[in-house]
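Peer 1: Annotated Mg(2+) binding site per TrEMBL: A172, D285, T289, in sequence order. Summarising the annotation, TrEMBL assigns coiled coil to 45-72. The feature signal peptide is assigned by TrEMBL to 1-19.
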Amino acid sequence: MKRLFPLFLALSLSLSACGAPTVGDVGASEQFFAMDTIMTVNVLDENGEAAVQAARAEIDRLEQMLSRTREDSVIALLNTHAGDGSALAVEPELGALLRFAQSVSQDLPGCFDITIAPVMDAWGFTREERHVPDPDTLADTLALVDWRALTVAEDDASARLEEPGMAVDLGAVAKGFAAQRAADAIRAAGGTSALLDLGGNITVLGSKPDGADWRVAVKDPQDTERQLGVVSLRDKTLSTSGGYERYFEANGITYHHILDPETGYPADSGLLSVTVVSSDPLLADALSTALFVAGRQAALDYWRSRDDFELILCGSDGVVTVTEGLTFAFRGEEHGYTCETARR
Ligand code: ADP
Ligand code: MG
């Protein structure tokens, strides 16, 4: 196992600077590729290797279950059987995940739909052959998008897609679900202080070993080398969705990978990025995608209706809206942003 990555090195330097034992002496870290992205798991407890390996095993297990491009995954099987009337037996944890995704669709109408897969394919986002689909193809695939036509048994043990051609894509929730399970695995292995970076979805367990909050940067969506600000966190996930993460250009127009399920086109709600902070990694991941489609006003309305997440919304108008429950050090002014606080 590799022990020192740049982030890790920075952590050990800052720790040694204030007299605590260096992370390299007691913690463990591993970086790997999973779910189509680079992931890093850092456990800062003594003998952290077992916890790191437990987290990685969970992530690998879930990728095997959730990836629709792996022919033998349960999701690929669910998709293959679309419309043939058979209900596929699934692990209850997967049934519960599908139902959770449906609850987000219900709460935020027109914003979130895991049956978006055929439209993702029409844009070539799945196979790296990205292009603007022709109108007929777009209309045909959009007609297949309907989360209500995904039936999940009440005991979560089986699922079925009602129409031929329908397909599920869990890209909006898989990393959050993996973070949830990986964090559980770290706790079960005795880990108390950890930082997981699953492709930019950051989950922190506990505090830093010296008792301080973790400090996690939020990127400037217009220049990801820069920061909009830094959030202080403990036992939370910070998940960001933005049009800058996966996109292509055609005829001078940028097309990104978060689609509006109503139009089939990349969402154009006036937001450049949405960051959700929550104790629930899965909720943070799902909502960052859904609220990116919803836009600033709908996102804030939804925030006011609940008490289990906070938001940082970066608009194309240069306004960064931060909900009042966060400790956020704004750093965007020199890059032309202004910051406002949203209150309940
Ligand atoms: P990232 O994977 O870049 O972290 P997200 O968590 O926002 O970003 O997820 C984006 C992925 O979610 C897309 O690649 C696609 O698989 C899926 N997706 C795109 N649009 C929607 C949508 N409106 N509802 C549900 N899933 C979506
Ligand atoms: Mg998401």
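Each residue, glycine too, has its Cβ placed from N, Cα and C.
Where in this structure would I find these features, and how exposed are they?
Peer 2: Within 10 Å of the C-beta atom of A172 (Mg(2+) binding site) sit 24 other C-beta atoms, taking all shown protein chains into account. Under the DSSP three-state reduction, A172 (Mg(2+) binding site) is assigned to coil, being neither helix nor strand.
Note on the coiled coil (45-72): residues 1, 26-30, 32, 34-35, 39, 79, 91, 94, 117, 126, 167-170, 174, 177-178, 181-186, 188-194, 196, 198, 209 of its chain, located 6 or more positions outside it, place their CB under 8 angstroms from a CB of the stretch.
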Peer 1: According to DSSP, does D285 (Mg(2+) binding site) sit in a helix, a strand, or coil?
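Peer 2: In the DSSP reduction, D285 (Mg(2+) binding site) maps to helix.
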Peer 1: Give me the sequence-ordered set of same-chain residues, not including A172, D285, T289, with a C-beta within 8 angstroms of the centroid of the Mg(2+) site's C-beta atoms.
Peer 2: F112, G171, V173, K175, G176, S239, S241, A286, L287, S288, A290
